[in-house]
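S.K.: Sharing a structure with you now.
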4 protein chains.
Amino acid sequence: MVDIKSLEPKIIDYRRDFHKYAEGGWAEFRTSSIVAEKLVELGYEVSVGLDIAEPEVVLSKPDDEYIEEQKARAIRQGADPKWVEKMNNITGVVGVLSTGRPGPVIGLRFDMDALLIDEEQKEGHFPYDQGFASINKGFDHACGHDGHTAIGLVTAEVIASMQEELKGTIKLIFQPAEELGGGARAIVEKGILDDVDYFVATHVGMTYQGLGLPSNACACGFNDFLDSRFYNVFYAGKASHPCGDPHVGRNALLAACTAALNIHTIAPHSEGLFRSNVGILQAGTARNAIAPNAYMEVEVRGETTKISDYGEKRLLTIIEHAAKSYDVDFEVEFKANTPSGKSDPEMVKIIMEEASKLPWFENVYEEGEVGGSEDATEMMTRVQSKGGLATYIAVGADLSGTVHSSQFDFDEDCMINGVELLTAVVKKIGSK
Amino acid sequence: MVDIKSLEPKIIDYRRDFHKYAEGGWAEFRTSSIVAEKLVELGYEVSVGLDIAEPEVVLSKPDDEYIEEQKARAIRQGADPKWVEKMNNITGVVGVLSTGRPGPVIGLRFDMDALLIDEEQKEGHFPYDQGFASINKGFDHACGHDGHTAIGLVTAEVIASMQEELKGTIKLIFQPAEELGGGARAIVEKGILDDVDYFVATHVGMTYQGLGLPSNACACGFNDFLDSRFYNVFYAGKASHPCGDPHVGRNALLAACTAALNIHTIAPHSEGLFRSNVGILQAGTARNAIAPNAYMEVEVRGETTKISDYGEKRLLTIIEHAAKSYDVDFEVEFKANTPSGKSDPEMVKIIMEEASKLPWFENVYEEGEVGGSEDATEMMTRVQSKGGLATYIAVGADLSGTVHSSQFDFDEDCMINGVELLTAVVKKIGSK
Amino acid sequence: MVDIKSLEPKIIDYRRDFHKYAEGGWAEFRTSSIVAEKLVELGYEVSVGLDIAEPEVVLSKPDDEYIEEQKARAIRQGADPKWVEKMNNITGVVGVLSTGRPGPVIGLRFDMDALLIDEEQKEGHFPYDQGFASINKGFDHACGHDGHTAIGLVTAEVIASMQEELKGTIKLIFQPAEELGGGARAIVEKGILDDVDYFVATHVGMTYQGLGLPSNACACGFNDFLDSRFYNVFYAGKASHPCGDPHVGRNALLAACTAALNIHTIAPHSEGLFRSNVGILQAGTARNAIAPNAYMEVEVRGETTKISDYGEKRLLTIIEHAAKSYDVDFEVEFKANTPSGKSDPEMVKIIMEEASKLPWFENVYEEGEVGGSEDATEMMTRVQSKGGLATYIAVGADLSGTVHSSQFDFDEDCMINGVELLTAVVKKIGSK
Amino acid sequence: MVDIKSLEPKIIDYRRDFHKYAEGGWAEFRTSSIVAEKLVELGYEVSVGLDIAEPEVVLSKPDDEYIEEQKARAIRQGADPKWVEKMNNITGVVGVLSTGRPGPVIGLRFDMDALLIDEEQKEGHFPYDQGFASINKGFDHACGHDGHTAIGLVTAEVIASMQEELKGTIKLIFQPAEELGGGARAIVEKGILDDVDYFVATHVGMTYQGLGLPSNACACGFNDFLDSRFYNVFYAGKASHPCGDPHVGRNALLAACTAALNIHTIAPHSEGLFRSNVGILQAGTARNAIAPNAYMEVEVRGETTKISDYGEKRLLTIIEHAAKSYDVDFEVEFKANTPSGKSDPEMVKIIMEEASKLPWFENVYEEGEVGGSEDATEMMTRVQSKGGLATYIAVGADLSGTVHSSQFDFDEDCMINGVELLTAVVKKIGSK
């Protein structure tokens with residue numbers, strides 16, 4: 001078995017490369033191509049495209065024109081056109097290592113997509129100072145998925161190196177479009193998780209008792225995943241000249257502003273966490289025209305299905321009546337959702353035991369907080385429904401900047417230790 | 001002298017060509033290039049670029065990258081690269097015809113720019129049905145400037161054909177960027193209007209006593225130009241995860257929505273017309289991030305300087321404090337303005353007399369209503385300040401769709417009759 | 001005939017008395033009682049209550065409890081209980097002087113009600129300094145109706161003193177509830193105006209070409225009365241504890257705030273003046289309860305019926321959908337309206353001629369501006385519909401404070417000159 | 001010792017009497033008078049007024065005029081004028097029973113004030129059907145304090161009847177103004193709690209794991225009290241006529257609506273519960289005047305001081321800048337606050353043991369949820385700071401209507417069982 005610590009420079013190289021060429025959800029053609037190629041080199045059986053995703057349930061996917069542009073961009077940035085073609089416009093990679101010996105199927109999940117924001121390009125921001133800030137304008141790994149992909153690739157290498165000691169099957173899932181929602185569902189619906197006995201999804205950073213989980217700590221289970229639902233809203237009013245014909249217009253901009261403010265006034269719920277957000281609002285065509293159009297990207301999240309149902313009802317009510325107040329037509333497109341989810345205590349226990357043996361982890365916590373949602377819950381739920389055990393873990397990392405902000409960065413030291421933990425768990429469960 | 005009515009097919013061809021290749025303010029490279037070339041052919045002395053515009057006062061001009069793209073686009077669509085180069089990144093054309101005989105300087109102004117909106121691409125919209133709808137996405141001649149340019153070119157031809165009958169000088173000004181504001185000022189500041197004794201700016205359509213001025217009618221003066229002022233507003237907050245770290249964010253989207261609503265509640269003014277509009281609002285980077293940024297394009301207009309001053313003060317107060325309510329940084333960029341203005345009664349009288357002689361005009365009105373603003377007032381004011389006479393006239397036209405809406409179209413018959421009127425006026429003033 | 005100027009101290013006394021005991025619309029029991037008594041003393045035939053008002057069309061009248069309180073208050077402040085009883089809960093007085101000689105019926109209208117605001121009680125405010133500021137909390141003659149009533153009483157005295165020189169009939173109408181709307185209509189519907197041949201309604205102050213009409217000037221006609229409509233809005237949501245059960249509440253306060261802001265964003269109308277106002281908003285029951293109720297007093301006004309129709313439609317749309325956005329029940333009560341109206345040019349001419357003869361009036365204007373609405377138009381329209389002539393005039397007055405503000409006051413010198421003008425007009429029309 | 005169950009009719013009578021004559025915070029003159037008289041009859045040493053409250057720290061107290069009105073009303077409704085006079089304008093009663101034997105000081109707290117809302121007066125509402133609905137318009141026992149006072153009086157009676165079995169001292173605190181905030185603090189600052197060794201505050205109803213705590217259950221400790229802060233906000237703009245002089249006004253109503261909406265958009269906090277509420281908004285003076293004034297009653301609450309600090313900062317920022325957006329002056333008055341607080345586990349354990357012995361309580365929970373705030377925390381904190389033990393308990397009760405709504409009612413059976421529990425605890429702690 002390879003010396004894990006010696007792979008630290010490699011894991012950092014991977015991460016910085018993915019960071020520099022940040023790719024948004026359903027556009028991870030370059031990342032997927034590199035992952036696929038490496039897994040093949042390491043001896044994994046690699047599947048992509050229609051072999052790993054059910055296209056009918058692909059939610060939140062951008063339009064074809066965008067996909068074509070992104071494929072071209074990815075190829076210009078080094079994606080292997082052969083892999084891109086195989087992907088059939090659906091990103092993501094699954095690598096399977098069969099030991100040939102009967103035993104459990106262990107599934108590990110790593111997500112690969114960047115956020116659709118601009119990265120900080122200023123001194124003092126580590127990726128910028130080190131020259132690996134995103135060169136893809138509008139895309140930024142502000143949630144650490146670059147690190148997850150790097151951890152996945154090095155974990156793949158370590159597992160491959162120790163395959164003689166293992167039984168059963170190792171299934172590595174490199175998932176697209178976690179941030180947009182929808183990436184996990186396509187893979188789940190294809191049945192990729194149906195035979196998995198033990199499942200671990202991994203994230204860097206995260207929270208423990210309200211504070212950031214620092215480097216040297218880890219959390220071995222999570223139970224506070226929010227039921228989250230995403231909507232796109234389209235308002236269609238009527239343009240007119242604001243001086244010449246003001247009364248003829250139907251002002252979609254003011255309707256959207258009213259909706260946005262009112263959505264943010266939706267009352268909390270006494271039974272648990274509720275969140276709503278209008279993340280994007282775009283309205284209007286010209287300064288000197290009453291705005292005939294508006295577009296919003298909106299989400300609600302609840303600690304339970306009941307709370308999300310409450311939020312959704314309030315949200316849709318507001319969207320409808322803010323439009324009608326301004327005599328504006330409206331359309332709401334349901335984009336994606338992710339359910340809530342829980343870690344299996346038995347699986348948490350295994351992780352805790354292994355983490356406690358590793359010197360890096362000074363604090364090993366039973367349960368951390370996501371404080372949000374994650375479509376890993378789609379996979380966890382499927383595994384559990386088939387009788388398997390699942391958890392979601394966090395490898396703590398000191399952070400710069402807030403998660404999802406353009407200043408976000410994480411302590412790269414966490415990555416190799418994450419590999420240590422994951423491979424220790426695989427060894428524990430899958431040893432001959 | 002040429003038979004004016006015989007030029008009707010040509011004027012329609014011109015108009016449809018300009019309509020199809022609609023170009024926004026400061027990007028009228030193809031239109032300018034065609035105008036310049038025709039004027040040279042007709043024997044005019046033609047100036048462009050730094051010879052007709054004072055670059056220091058060019059307001060509202062887009063950034064260089066956009067200008068370069070637009071130049072390339074214009075050349076692809078047939079602009080003569082030689083003219084594009086001469087323009088030195090500033091559109092607009094001035095053509096001068098000197099009779100060689102002492103006499104008055106007559107200035108005629110035609111504006112050339114399209115609006116930054118998408119044209120209706122549906123059956124029932126005349127330009128679409130006839131195949132000349134705008135192929136330049138995002139640009140639409142929804143205010144009739146395509147017609148103005150066509151009128152200008154055919155007027156140039158008629159004047160050239162009757163130059164032996166004239167004395168003095170004819171100056172034809174094909175102006176850029178009326179819609180953005182700023183096109184007239186650059187030309188005025190260069191001194192182009194300083195020697196003009198008689199000035200006429202022309203618009204198709206317009207309003208008389210609250211109703212659209214129909215084909216077969218004209219209005220010979222306007223006095224209700226609004227003092228209008230344009231601003232771009234930038235809000236900078238802070239992104240954060242709306243579930244994980246909601247309290248850390250500084251929500252620029254909600255600040256902008258508050259500002260937009262509040263701006264539209266600015267109270268009217270007892271001393272005359274006041275208008276405000278937030279025409280464009282764009283905020284946010286991702287559905288699941290608190291929006292760290294917002295951008296608005298805003299205008300205020302008043303019947304007098306005092307009213308606009310009032311509106312501006314209220315506007316800036318709201319922009320500042322809506323930002324501060326959400327702890328968001330703000331910046332207001334003043335983009336352009338146009339003053340109010342009045343037609344000279346003496347000049348109006350000349351136009352009325354000539355219009356009354358033309359059989360087409362069944363109704364000849366002394367005064368129409370703009371119900372908005374126009375930077376022709378910059379030129380009128382300059383001419384008047386130097387002792388000249390100026391007016392703004394409207395050649396009535398039955399309209400489809402509202403002005404500044406994507407459904408806008410006008411009755412093309414008005415154009416050749418506009419040429420008749422303008423050339424009759426030139427003859428009246430400038431006959432030997 | 002009495003010497004008019006000698007009545008100046010009396011007119012000032014009347015005005016200050018009415019000012020001090022300011023009474024709101026439909027509560028002018030003391031004022032009406034004093035007016036009725038004086039008219040009887042002067043020899044007028046006096047009618048009140050059901051003899052001058054059609055109770056079925058009494059709009060905007062407060063509830064019985066309020067009326068009873070106000071009657072008691074009025075009697076405490078000197079109203080004659082006998083008159084109060086005769087009024088039958090409907091204020092207003094009509095005094096008729098029949099000369100016994102055939103001739104025209106001349107109607108003069110004076111309104112008597114105060115506004116429902118608190119008067120400034122500070123040094124520097126003339127009524128306060130002189131000790132005649134309103135002692136009735138919540139009521140303030142901030143529109144000059146105290147002066148109108150005083151002018152009416154002294155005009156009655158002068159006319160009585162010159163009755164031997166007159167023919168026909170003089171009908172003095174002291175109207176209630178102009179500010180609330182509805183006072184004029186009840187009288188009109190009773191038929192009081194049906195036999196009037198010449199009608200003049202009088203106001204102090206007002207506007208000429210955008211500026212306050214000063215003392216020593218008058219305006220003899222008005223044509224810009226707005227069509228105005230008044231509504232009361234009731235929202236009913238559901239209270240709940242904002243911490244314990246926030247999601248159970250239905251927040252009427254936020255619904256009303258949304259409605260109020262949106263109402264003030266209703267776009268102007270290209271065909272003329274449009275105004276809307278939410279003058280009163282009251283919501284909520286306790287700091288720590290989600291507000292289950294809200295109440296708003298709202299108005300729209302338009303230069304034409306079409307514009308008011310537009311405003312009303314937008315208003316009701318917003319009221320409905322702001323409520324529905326917050327799942328709140330709503331009810332809109334139509335309170336009152338006043339139509340637009342025009343002065344008869346022939347009547348304006350008579351006023352101008354008489355005013356021009358009086359030395360006080362240095363400037364006699366044909367047309368002033370109301371810039372609002374007035375239910376005198378109900379009376380004017382009725383007179384005109386029966387073939388009579390009507391106008392509305394303003395006796396200019398230097399003002400302190402804005403009309404309808406608690407600082408409002410007017411130059412008392414205008415009053416006696418108003419009497420001079422009105423009696424001159426009566427003499428002109430009604431001389432034997 | 002008296003037979004507790006036999007006192008059930010009496011406790012119901014007490015409760016219904018207090019309910020019918022509901023009195024708001026700092027106006028509980030009738031309730032206090034009855035309590036004081038009964039305690040004297042039972043042999044308690046009774047203190048009121050300045051003997052139990054520190055007047056300098058009386059927060060949230062209404063103005064003197066209101067207090068005088070309420071005293072008169074209380075006396076009309078049966079309050080003993082002698083007690084009312086002794087109270088010196090400060091309500092509340094403390095009764096002390098000294099056994100004469102050395103031993104612990106046990107403090108029990110009961111709050112007495114009603115909410116400032118109108119009670120449902122309709123069939124189907126139990127208090128209405130039984131004829132004991134509040135006859136004091138604007139006051140409603142919608143939080144069960146009528147029950148608390150009844151429990152307190154009967155507990156007093158039982159304790160008195162068993163005083164021979166007890167040692168130490170029993171201190172019964174009948175507190176005013178819990179809902180307004182401020183009632184507890186005045187008593188605490190007077191030092192009334194300084195010698196208390198064991199402290200129990202009692203509430204009917206409340207919540208366990210998100211659901212209402214039913215009859216037959218109790219919760220023996222609470223730890224989720226929110227840090228809550230109350231503010232009154234005053235806006236002062238400028239009235240003007242919305243048609244005649246709209247631009248002169250400074251619209252306090254729109255400023256307040258903007259503030260209210262923005263306050264309800266304050267983002268949640270990642271570290272725990274945060275709540276804000278604008279419970280009352282009153283603006284404007286007349287329909288046809290731009291509103292010159294606005295008043296709001298507002299609160300923020302947080303699970304920790306840090307969260308409340310965050311909310312307060314955001315709140316004050318919004319209040320300031322919404323005012324400034326409309327050029328309106330503002331003033332924020334801090335009304336009251338209550339800290340967060342925790343039950344002592346040792347004390348919780350005692351309660352649990354006693355409750356478990358009582359047959360009524362089928363479910364005895366260690367910890368319930370307040371989901372809000374309570375100024376009992378002021379007393380708990382003081383007791384704890386002096387080395388005593390404190391808890392807050394809930395006697396479950398099936399409810400009709402939501403807490404703080406006009407439909408609220410509770411199962412009266414809970415009361416006598418509450419007495420059983422409290423007296424059992426007293427016996428446990430204070431037995432000789």
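Even glycines carry a Cβ here, placed using N, Cα and C.
TrEMBL annotations: computationally assigned, not manually curated.
What TrEMBL records for A:Cys143, A:His145, A:Glu179, A:His203, A:His404 is Mn(2+) binding site. Positions annotated as domain 'Peptidase M20 dimerisation' by TrEMBL: A:233-326.
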S.K.: Using an 8 Å cut-off from the Cβ centroid of A:Cys143, A:His145, A:Glu179, A:His203, A:His404, can you name the remaining same-chain residues around the Mn(2+) site, in sequence order?
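M.R.: Here the non-site neighbours turn out to be A:Asp111, A:Asp113, A:Leu115, A:His141, A:Ala142, A:Gly144, A:Glu178, A:Val403.
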S.K.: May I ask you to pick out the binding-site residues among A:His145, A:Glu179, A:His203 with a CB closer than 8 angstroms to chain B's CB atoms, ordered by sequence, or 'none' if no residue qualifies?
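M.R.: Listed binding-site residues meeting the cut-off: A:Glu179.
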S.K.: Measure from the Cβ of A:His203 (Mn(2+) binding site) and count the other Cβ atoms within 10 Å, all protein chains considered.
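M.R.: The answer is 27.
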S.K.: Do you know the DSSP helix, strand and coil residue counts for the domain 'Peptidase M20 dimerisation' (A:233-326)?
M.R.: 36 helix, 28 strand, 30 coil
S.K.: So how many other Cβ atoms are close to A:Cys143 (Mn(2+) binding site), meaning within 10 Å of its Cβ?
M.R.: 26
S.K.: Three-state secondary structure of A:His145 (Mn(2+) binding site) from DSSP?
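M.R.: In the DSSP reduction, A:His145 (Mn(2+) binding site) maps to helix.
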S.K.: Could you tell me the mean pLDDT over the domain 'Peptidase M20 dimerisation' (A:233-326), as a whole number?
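M.R.: Its mean pLDDT is 95.
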S.K.: If H, G and I count as helix, E and B as strand, and all else as coil, what does DSSP give for A:Glu179 (Mn(2+) binding site)?
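M.R.: It is coil.
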S.K.: Report, as a single number, how many Cβ atoms besides its own are within 10 Å of the Cβ of A:His145 (Mn(2+) binding site).
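M.R.: Excluding its own Cβ, A:His145 (Mn(2+) binding site) sees 29 Cβ atoms within 10 Å.
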S.K.: Inside 10 Å of the Cβ of A:His404 (Mn(2+) binding site), count up the other Cβ atoms and send me the figure.
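M.R.: Counting Cβ neighbours of A:His404 (Mn(2+) binding site) within 10 Å gives 28.
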